[in-house]
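A quick write-up on the structure given underneath.
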Amino acid sequence: MAEQEEQETPQRFTFGTVGFDARFPNTNQTKHCFQSYIDYHRCINAKGEDFVPCKQFWHAFQSLCPSDWVERWDEQRDNGIFPVDL
């Protein structure tokens, strides 16, 4: 009897986004996006990239912010012209 090949079951992808934040009650999430980006970078500057609670901010801005904005903000931080003190 030949061995039966085990079929791999595909892993389920769970799509999630940021939960409700009372500071940003409206549907326009631009401020929430920007604030999450700032909070993430302040968190990793204070606690380091391995600090688990910082991941919440990372997930928030990755979910809410257009990648073009994040790239522009990263360039501004690298050039020292980002408008917020991190």
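Every residue gets a Cβ built from N, Cα and C, even glycine.
According to TrEMBL, the disulfide bond annotation covers Cys33-Cys65 (among others).
Taken from TrEMBL, the feature disulfide bond covers Cys43-Cys54 (among others). Cys43 (disulfide bond) has a Cβ environment of 19 other Cβ atoms inside 10 Å.
Rounded to the nearest whole angstrom, the C-alpha distance between Cys54 (disulfide bond) and Cys65 (disulfide bond) is 16. Sequence-distant neighbours of Cys65 (disulfide bond) (same chain, 6+ residues apart, CB-CB distance under 8 A): Cys33, Phe34, Ser36, Tyr37.
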